[in-house]
Amino acid sequence: MIVVTGGAGFIGANIIHALNLRGETDILVVDDLTDGTRFRNLAELDVTDYMDKGEFLERVKANDLPMGIRAVFHEGACSDTTEWDGKFMMENNYTYSKVLLHWCLDRKVPFLYASSAAVYGASDEFREERECERPLNVYGYSKWQFDQYVRKILPSARSQIVGFRYFNVYGPREQHKGKMASVAYHLHEQIKAGQNPKLFEGWDGYSDGGQQRDFVYVDDVCKVNLWFYDNPEQSGIFNLGTGRAQSFLDVAQAVIRYHGKGSVEFIPFPDELKGRYQSFTQADITALRDVGYTAEFADVASGVESYLAWLDR
């Protein structure tokens, strides 16, 4: 059995889909379906069982999980970068992760988990090194602190531990995220509603719509996850992006090209985001390449086209 926490969420559901494509259905989904609309991501997937996150955590602590767990993909977290309840964030993203990590280590079960590019925050360098890590919000801090915890354990670990610092992931099965869904999704919805796509005006030295991020298609994220699953001798913390920064304007142009209509409107940059916003990210994927991952990553033009076609299927 494979455990996927956050399995009803964006990346978790896509990992399950990728496993299903391999014929793997012996999967335990762990999530919180208090928001019942999130069932939609699971309805098209094949899994063995579902367990509420609270029950799962209690059973982890009580050593009462099913036998034969072969790997844990730990995608469950609060990923809202605007959430400032630090106690809530640390319980969900740090303490929960530590408990599950030690359960896996005690049983030599591979543990593959979601970190985040938010650990870099205000940095203008994006290497998996301490001097590059300057989180701007408590979400980024919660992910960074768990990475720090993992770093201390890695040298003595006797089973696989892999952390993925996800950059700006977009693609199928993110619709439930609301305001935290990708810019590609929101621009697509705006054009469908008869509006022009809207981007922020320039800020922090960038032109209108010129802020740049490393936008990575979720299919590529799943491929990297499964490559490490297939190579359990590889451990570490790795950036998971394309290694290529592209502007929000590039995303808007890809959406406009798909629809064949629309022109970008620029809106004022929100005061509440000033000083808390990453205007530029670009993954340094040297470490990922050094361990043997060779596949290429989709650029914005091809990734957005595939994504919008999926949304309109």
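Including glycine, each Cβ sits where the backbone N, Cα and C put it.
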Candidates TYR113, TYR120, TYR258, TYR277, the one Swiss-Prot lists with ASN168, LYS179, HIS186, PHE200, GLU201, GLY202, TRP203, ARG213 as binding substrate: TYR277
From recorded positions GLU75, TYR139, LYS143, LYS177, the one whose Cα lies nearest TRP203 (substrate binding site): TYR139
Maximum Cα-Cα separation in Å among residues ASN168, LYS179, HIS186, PHE200, GLU201, GLY202, TRP203, ARG213, TYR277, which the record lists as binding substrate: 20
Nearest of the binding-site residues (ASN168, HIS186, TYR277) to ARG38 (NADP(+) binding site), judged by Cα-Cα distance: HIS186
Assigned element (helix, strand, coil) containing TYR277 (substrate binding site), judged by DSSP: coil
Most Cβ neighbours inside 10 Å, all chains, among the binding-site residues ARG38, LYS143, LYS177, HIS186: LYS143
